[in-house]
Amino acid sequence: MDKMTLNDPQAPLRGTIAVPGDKSISHRAVMFGGMAKGRTTVSGFLPGEDCLRTIECFRLLGADISRTGTDLVIDSPGIDGWQEPADILYTGNSGTTTRLMLGILAGSRVHSVIAGDESIARRPMKRVTGPLQQMGADIRGRKGAQYTPVSVLGGPLRPIDYDMPVASAQVKSAILFAAMRAEGTSVIREKEVSRDHTERMMQNFGMRVQAEEGVITLQGGQELVPVHVDVPGDISSAAFFLAASALVPGSEVVLENVGLNPTRTGMIDVLEAMGTDFGVDVSRSDDSEIRGTVTIRSSSLKATEIGGDLIPRLIDEIPIIALLATQAEGTTVIRDAEELRVKETDRIAAVAEELGKLGADIIPTDDGMIINGPTKLSGAVLDSRGDHRIGMMAAVAALITDGPVELRGPGCIAISYPEFFEHLNNLRGN
Ligand code: S3P
């Protein structure tokens, strides 16, 4: 297994970086470009492993996709012109590719089989295959289509009126993709509002979709018109440097072109509640995805409470927020986050155990954790467990430990942030 030793704790971070493209939006740009007939172009694409899997799936379906760095040109025959893939659609570690593709394939005209790595094989798929089957999709898979591999025989679909039992943009998006192909009007009701990139991109590609107070209404059968998509930087990647800068004394970091879609900015609310010294400057809000510059300085932190409808707005940031909480004065409580149990790893267990090895005081609960701070952290051997966000949390923790941290399995960080260590070194003047 790959491993690395992270030395030189306490060196301040100073400088400016542009974080890589947003993972959720990059996936969707390829998906919409692959479904729309004609040429879609994309800039700011994230060439992380997960998004590259999505590209491979669409190549197998017959889209011609060329990539130069972070620019894509997608020429597609459109969903009705796809070829039957000659191989399985392999989604690697990517839950977003797996779940969203199920919704897309259900209403296509091809037969396909989807499978991913051993983490994907453990992740629940019934939350997507269930509603798709209600729409008439022909989907079979392991344990009654609860788990991958899953086979999808695309065909005609019925519209759905669906109350979502979990707040999940992946589930919502899969149903919306299927609803695009259904005859009639579908209605999806969200428990709590989750990231809305799919709805926004539908509008960019010329569709009419209504989204109000958690109720989304979509008329099936609308055409997609290919466009240019400019992907903003990923706030979920920025989160690691926001935290690093807040934690290491003497730091000041400027993060440019960060996506500031309000369904994603829960981390900003938490930085505010914890009393960090930061500023947000919106640079562009004239298109469907707001973006701007975030500046943050090292700060003394206070504990906070996180739960309810804030959770979907920061679900991927909870590991790094937990690290912040270990250095905050008081008790931080995170609740209503049981979804963390079914991410790339069980992130409640992974965060509590890995940060616990450094000396953090974290009590895992069924739906979150209780963190007492501040605690001094010391060096130890940590394991990413193949989860990119646990790997980056460990690397940021190593900035404030007494003594070096050995990180096992840092390679998975390339799933969402291939230049993570390069950016870290630049900010530390190395
Ligand atoms: C994502 C939705 C979230 C998030 C994941 C990306 C998306 O998952 O954790 O990293 O792009 O739709 P859930 O839908 O399971 O909450």
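Numbers here mean position along the shown chain, with the first residue as 1.
Every residue gets a Cβ built from N, Cα and C, even glycine.
Residues annotated as domain 'Enolpyruvate transferase' in TrEMBL: 9-424. Marked as 3-phosphoshikimate binding site by TrEMBL: K23, S24, R28, S168, Q170, D316, K343. Look at TrEMBL and you will find K23, G95, R123, Q170, R347, R389 tagged as phosphoenolpyruvate binding site. According to TrEMBL, the feature active site, proton acceptor maps to D316.
A map of TrEMBL features onto the structure.
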{"residue": "K23", "record": "3-phosphoshikimate binding site", "CB count, 10 Å": "24"}
{"residue": "S24", "record": "3-phosphoshikimate binding site", "CB count, 10 Å": "27"}
{"residue": "R28", "record": "3-phosphoshikimate binding site", "CB count, 10 Å": "27"}
{"residue": "G95", "record": "phosphoenolpyruvate binding site", "CB count, 10 Å": "20"}
{"residue": "R123", "record": "phosphoenolpyruvate binding site", "CB count, 10 Å": "19"}
{"residue": "S168", "record": "3-phosphoshikimate binding site", "CB count, 10 Å": "23"}
{"residue": "Q170", "record": "3-phosphoshikimate binding site", "CB count, 10 Å": "24"}
{"residue": "D316", "record": "3-phosphoshikimate binding site", "CB count, 10 Å": "24"}
{"residue": "R347", "record": "phosphoenolpyruvate binding site", "CB count, 10 Å": "25"}
{"residue": "R389", "record": "phosphoenolpyruvate binding site", "CB count, 10 Å": "28"}
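Among the binding-site residues S168, Q170, D316, R347, the residues whose Cβ sits under 6 Å from any atom of ligand 1 are S168, Q170, D316. Taking Cα separation as the measure, K23 (3-phosphoshikimate binding site) is nearest to R389 of the binding-site residues R123, R347, R389. Ranking the binding-site residues R28, S168, Q170, D316, K343 by Cα distance from R123 (phosphoenolpyruvate binding site) puts K343 first. Per-residue confidence over the domain 'Enolpyruvate transferase' (9-424) averages out at a pLDDT of 97. The closest partner of R347 (phosphoenolpyruvate binding site) among the binding-site residues, by CA position, is D316; the full candidate set was S24, S168, Q170, D316. The two recorded residues S24 (3-phosphoshikimate binding site) and G95 (phosphoenolpyruvate binding site) have their Cα atoms spaced 11 Å from each other. Around K343 (3-phosphoshikimate binding site), the same-chain residues at least 6 positions away in sequence with a Cβ under 8 Å from its Cβ are G95, D316, D387, R389.
In the three-state DSSP scheme, K23 (3-phosphoshikimate binding site) is classed as helix.
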